[in-house]
Amino acid sequence: CIFYGTGIYTIVGIKVNGFPCKEEANVTEADFFFSGLANPGVINNSVGSVVTGANVEKIPGLNTLGVSLARIDYEPGGLNPPHTHPRATEIIFVLDGELDVGFITTSNKLISKSVKKGDIFVFPKGLVHFQKNNGEKPASVIAGFNSQLPGTQSIAATLFTSTPPVPNNVLTKAFQIGTKEVDKIKNKLAPKKS
């Protein structure tokens with residue numbers, strides 16, 4: 001919806017996929033460029049990984065094109081916790097390091113593999129998946145998505161830090177744990193107050 005020459009037609013004032021179309025006269029190379037994946041991201045969390053997205057929010061020219069990328073960096077032992085992408089399949093290419101990766105099928109089967117530099121692994125759309133650095137050195141991957149904005153829903157954060165909160169009696173029954181354990185998990189996952 002950005003540029004006539006791409007075969008995508010602009011309807012000025014209309015949002016497509018939630019993002020505004022631009023008039024052809026206002027389109028620049030900046031709408032199609034992003035340099036944010038060149039260097040590792042700064043990891044400053046308890047799980048030991050960071051995701052740097054290169055999607056339509058950072059590259060307006062991706063609007064309606066159905067693709068995006070991300071870079072994921074992991075410290076030794078770092079984890080990209082179990083999560084889903086409700087709008088996209090993900091494919092990763094390992095830049096550095098070694099990772100244990102996997103997804104869970106709808107019949108509750110774990111499909112997993114250890115991958116290393118140069119390897120590729122695919123996570124089907126909507127399925128819960130993870131990546132963990134199993135090495136003693138930092139690791140990184142480039143992830144590709146068949147969506148301009150794949151969305152990410154982290155399982156633990158979704159269940160234990162939602163607003164309003166999921167009722168404790170739902171979490172205690174679902175995980176077969178007590179209220180004290182639920183509160184402990186919620187406290188560990190809660191955003192840090194500045």
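Every residue gets a Cβ built from N, Cα and C, even glycine.
As written in TrEMBL, here are the features:
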DOMAIN    35-183  domain 'Cupin type-1'
BINDING   N80, H85, E90  oxalate binding site
BINDING   H83, H85, E90, H129  Mn(2+) binding site
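Fewest Cβ neighbours within 10 Å among the binding-site residues H83, H85, H129: this applies to H83.
Residues belonging to the domain 'Cupin type-1' (35-183) score a mean pLDDT of 96 in the model. Looking at E90 (oxalate binding site) and H83 (Mn(2+) binding site), their Cα atoms lie 12 Å from each other. Highlighted in sequence order, A70, H83, T84, I92, F123, H129, Q131, A143, F145, P150, T152 have their Cβ within 8 Å of the centre of the Cβ atoms of N80, H85, E90, the residues recorded for oxalate, and are not part of that set.
Other residues of the same chain near the Mn(2+) site, with their Cβ within 8 Å of the Cβ centroid of H83, H85, E90, H129, are T84, A88, F103, F123, L127, V128, P150, T152.
H129 (Mn(2+) binding site) is 9 Å away from N80 (oxalate binding site) when you measure Cα to Cα. In terms of DSSP secondary structure, the domain 'Cupin type-1' (35-183) contains 22 helix, 58 strand, 69 coil.
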